[in-house]
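Have a look at the structure below, then the notes.
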Amino acid sequence: MTTFAEVRSRLARPQQRRYLPLYATLALLAVMYGSGVVQYEAFSDPQVVLNVFIDNGFLLVVAVGMTFVILTGGIDLSVGAVVALTTMVSATLLEEQGWPAFVVLPLVLLIGSTLGFGMGCIIHYFEIQPFIVTLAGMFLARGLCYTIGTSSITIDDPFWTSMAQSKVRLGDNFVSPSVVIALVVVLIAAYVLAFTRLGRNTYAIGGNPRSAHLMGLPIARTRISVYTISGFCSALGGVLLSFYMLSGNSLHAVGMELDAIAAVVIGGTLLTGGSGFVLGTVLGVLVLGLIQTLITFDGRLSSWWTKIVIGALLFAFILLQRLITPRKR
Amino acid sequence: MLVVLLLSNLIFTPTFFKVEVRDGHLYGSLIDIVRFGAPLIMVALGMTLVIATGGIDLSVGSVVAICGALACWRISEQGDQNSVSGVLVAVALALGLALLLGAWNGFLVAVVGIQPIIATLILMVAGRGLAQLITDGQIITINSSPYKLIGGGYLFTVPFAILIALAVTALAVLLTRRTALGMLIESVGGNAEASRLAGIHSRRITLMAYIVAGLCAGVAGLMISSNVSSADGNNAGLWYELDAILAVVIGGTSLAGGRFSIAGTVVGALLIQTLTTTIYTTGIPPETTLLFKALVVTIVCLVQSPAFRAKVFQGRRRPAPPPAGPTSATAEKVEVPA
């Protein structure tokens, strides 16, 4: 005997549950921004928010790739190392080998994608945990960086410097071209996840791999594509970072995989896979960026507080996820 | 694998196996390997237990940094850095904190029910922030001879760190192989729900595994910071979790849980340290260490994977004796993404 109220709550809940983490992140963002505006006069300048985008464009791209992987229930620990490898390879080829920018750019993107593709193949065909395979990928990419060189290489290629210095005007304010690229990536990713077959398969595999298999969905193709996308996004993120830093360094982006995972989780994507949105990831990156901005504005707190706050937020959101999802074995 | 590495060392650097007594201490490359490998052995031991319960602990590197930082900070605060009681208090404080951090991880995994990777990821991110908070972002240098003993000192001509690692290993072997504890851990790792129904306190066992992992990481943190007489919140124990996992996996413990080998882990940790030392002594640029590690971890995982064995041995070639076949095949596999 079930009452009407029970039936309604059962029907209504899954929908609400899907969006709950997203609302939580939005509320958090609003509170953080609000407290910033109240505390600091200069905070209300729109440029502050745009600067968050400028400073985190590369992280946004990397986190978008990570969203795909986490949606399938996997994880990619190699992203930070691939970002560093990309900056290092571009810097070396541009500065020491004198290769033109239009050759280097596609090449580094190809390297990142190939690396992702290789890891995807090993994960799928040899059934090894993504965590371990991407860990090996991380060692490999970081190792390659160190093999190329341990010192920082400055980039003064005309194309790179123009990308770094030009400004895209938005009324009185501006953003860098990198932000435009990052937003385009976000839009494409959102479109792919929401409206294409690849997107639907990604959600299906993350939701329940076994039923996806029984439904005859192309698991191999989807899984490998997802890691390839993540590899591509990391390489693109690396390119954006090298625009931002104008240098290649094997120590760039140490720990960025954690930032990316944190952004995805704070953005409400379930780590068990199957539920989440790219928009959430954008919000997650904004939260991370705003934390940094707030700490910079405060001036009394040191930068390591960022890590502690991110850890605490990660904890809160994982707890939230734990509460709204049924226990999965 | 370890044998191969040692043999190649014998050929390339003849002095490698020479162990001599100088100034009443044991000297030699082998001793160095064990000595510098001692912290890794400690961390990997704790990691073995956690992995045996089907979990994983990503936070050990951060715990290493936090404990080293706390101990060094406490010692640097006191007037006489050489006072034994002061050092003991600092060590006790650091180990107490390590125990708490381990318990926190265990609480999240066993009681709240969060996936181990994620639960420990929190402490991995926040922990480094905490370590920097303790050291105030600086590198704390201390000058305390009693503290120096833990990581850099000697007792009965043997480096003290080796003795600690030996004692802990022996204790672990005794507890897990002479009592029912090891079997209980494997049972929880095999199927936590089934072992709970069979009357095993699976939550308590899981909690304990994380606490032990925290404590072991804490001891490793003390060893590392004491060996260099300083604490660096940012870099101490960086990527230690990965080395420890690598050691455990090389040692033959399945990442799926339910089966573990302490002896294997110790060999795995020594292998990693030998690899590092070999690279240093043979004059290969040390930067390539990571490449070798990537290669080793891929090969070991591939050899362990049933799917890989099924595909390689039945698909491409006739059944062959295990080690020779996959090594060449995986080498190709790794080269592709490069």
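Glycine residues also receive a Cβ, built from the backbone N, Cα and C atoms like all the rest.
Note that this is a predicted model, so its numbers are computed, not measured.
Some features that TrEMBL has for this protein:
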TRANSMEM  A:20-38  transmembrane segment
TRANSMEM  A:58-89  transmembrane segment
TRANSMEM  A:101-125  transmembrane segment
TRANSMEM  A:131-153  transmembrane segment
TRANSMEM  A:174-194  transmembrane segment
TRANSMEM  A:224-246  transmembrane segment
TRANSMEM  A:258-291  transmembrane segment
TRANSMEM  A:303-324  transmembrane segment
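The highest tally of CB pairs under 8 A with the transmembrane segment (A:224-246), across A:58-89, A:101-125, A:131-153, A:174-194, is held by A:58-89. Packing against the transmembrane segment (A:174-194) from elsewhere in the chain are residues 47, 50, 53-54, 57-58, 60-61, 64, 67-68, 71, 163-164, 166-168, 202-203, 233, 236, 240, 243-244, 277-279, 282: each is 6 or more residues past its ends and has a CB under 8 Å from a CB in it. Through the fold, the transmembrane segment (A:58-89) approaches residues 104, 107-108, 111-112, 115-116, 119, 123, 130-131, 134-135, 137-142, 144-145, 148-149, 153, 178, 181-182, 185-186, 189, 193, 202-203, 205-206, 209, 222-223, 226-227, 229-242, 244-245, 247-261, 263-264, 267, 269-276, 278, 280-282, 284-285, 288-289 of its own chain, all at least 6 residues removed from its boundaries and within a Cβ separation under 8 Å. At the 8 Å Cβ cutoff, the transmembrane segment (A:20-38) and the transmembrane segment (A:131-153) share fewer than 3 close pairs (sequence separation 6 or more) and do not count as touching. Among residues of the same chain six or more beyond the transmembrane segment (A:101-125), those with a C-beta under 8 A of the stretch's C-beta atoms are 74, 76, 78, 82, 85-86, 89-90, 93-94, 133-134, 137, 140-141, 157-160, 219-220, 223-236, 238-239.
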